[in-house]
Amino acid sequence: MRGGQGAARAPVIQFTNCRILRGGALLREDLWVRGGRILDPEKLFFEERRVADQQRDCGGCILAPGFIDVQINGGFGVDFSQASEDVGSGIALVARRILSHGVTSFCPTLVTSPLEVYHKVLPQIPVKSGGPHGAGVLGVHLEGPFISREKRGAHPEAHLRSFEADAFQDVLATYGSLDNVRIVTLAPELDHSHEVIRALTALGICVSLGHSVADLGTAEKAVQSGATFITHLFNAMLPFHHRDPGIVGLLTSDRLPAGRRIFYGMIADGIHTNPAALRIAHRAHPKGLVLVTDAVPALGLGNGRHTLGQQEVEVDGLTAYVAGTSTLSGSIAPMDTCVRHFLQATGCSVECALEAASLHPAQLLGLEKRKGTLDFGADADFVVLDNSLHVRATYISGELVWQAEEARL
């Protein structure tokens, strides 16, 4: 019931005794929900002359928009880059398990893989609304194979590709289909990349720059062609240099199209990026920061050997490496952990930390009217947090989909 008379007849739920994140501030207001959407109580009172059908006391907790993870490679033993006959069951398992970390929507991410993996896996990951079954799927994030060999990180060199003369046809031949794709990460210094960026953007696909040795001029041209995102800033790119800051320089570039905001992902797991680097990025361009987990299949499993696509990964404590090397291979930190670390490391406001995991990724994907916000009319996807930002409960479309054992809202 998302509109019309059906939604009008749905019960009205009033969440009380809470602080809600709206307009960049935590407000001591109630949250009203009906038919899966956030409701304007004034219209309810004055136009419909109705009151709430149910009230739920939130015990003074924070209500923030549900978290959105636009880069997650798997988790809990599920590897999105492994072909199988039933990819959907693995997606469903991760979608269900990340609810406890406040994630209500995500982009399953595939690392560089053989063509047959893309052709088999992509048709099995449709866009899907969230609910009691798990977080919603917003579309796939394809990280590679059109990336730099020098900055490939944990991506297998044997499967990297470059663009030939008919570049966009190479893309279609590689992936097989773009129907379920939301983000593509590529290296903008590759020949014909700007042609590909324009074609992907025309299809409504977000292009992200990453795993790259691009200089700033090349990165700026990529943004002028339509790129809007940077994949895990600082990681797998040239280090900042004062005469040519590389992709990092996009955060303060004055050569971007008028009105264009560049967004950038940050893995705030305490491993991938020094707290000082987090602070530098945040202070340079706070409105573009998007927290991502870059979580690997080992998320939630502990020490030992696991997979990430075609590579073997070894987890030791809080760190995941390509087995037998010192190369980092994604993160094993869930989103709520990243939010708390980001808050502590940067000293930013609670509101800012929460928006980096909700509003900003929604804006990146052009979903800010429905997701990442608690504005009137938006989807009632939200997370209930205590003062230390630990998740107490998660709601999708106004329906309780997960709650902590000791929390009974």
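Keep in mind that glycine also has a Cβ here, set from the backbone N, Cα and C atoms.
Quick look at what TrEMBL lists:
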type     : residues                                                       : note
DOMAIN   : 62-401                                                         : domain 'Amidohydrolase-related'
BINDING  : Glu143, His211, His232                                         : Zn(2+) binding site
BINDING  : Ala154, Asn235, Ala236, Arg243, His272, Leu328, Ser329, Gly330 : substrate binding site
ACT_SITE : Asp294                                                         : active site, proton donor/acceptor
Surrounding CB atoms that lie within 10 Å of the CB of Ala236 (substrate binding site), all protein chains:
26
Near His232 (Zn(2+) binding site), which of the recorded positions Ala154, Arg243, His272, Asp294, Ser329 can be found within 10 Å, Cα to Cα?
His272, Asp294
Spatially, and counting Cα to Cα, which of the recorded positions is closest to Ser329 (substrate binding site)? Options: Glu143, His211, Asp294.
Asp294
Whole-number Å only: compute the distance from the Cα of Arg243 (substrate binding site) to the Cα of Glu143 (Zn(2+) binding site).
29
Show me the subset of Glu143, His211, Asp294 whose Cα is within 10 Å of Gly330 (substrate binding site); these are the recorded positions I mean.
Asp294
Output field, Zn(2+) shell: CB within 8 Å of site CB centroid, site Glu143, His211, His232 dropped:
Gln71, Gly144, Ile147, Gly153, His155, Thr185, Ser208, Gly210, Thr231, Asn235, Ala236, Asp294
Rank the binding-site residues His232, His272 by the number of other Cβ atoms within 10 Å of each Cβ and report the first-ranked residue.
His232
Would you count the other C-beta atoms found within 10 angstroms of the C-beta of Arg243 (substrate binding site) for me?
6
Write down the Cα-Cα distance for Asp294 (active site, proton donor/acceptor) and Glu143 (Zn(2+) binding site), rounded and given in Å.
11
Mind checking which of Asn235, Ser329 has the fewest other CB atoms within 10 A of its CB? They're the binding-site residues.
Asn235
Over all pairs in Ala154, Asn235, Ala236, Arg243, His272, Leu328, Ser329, Gly330, the listed substrate binding residues, work out the largest Cα-Cα distance in Å.
30
Report the mean pLDDT of the predicted model across the domain 'Amidohydrolase-related' (62-401), rounded to a whole number.
97
Just to be sure I understand the packing, how many Cβ atoms besides its own are within 10 Å of the Cβ of Leu328 (substrate binding site)?
21
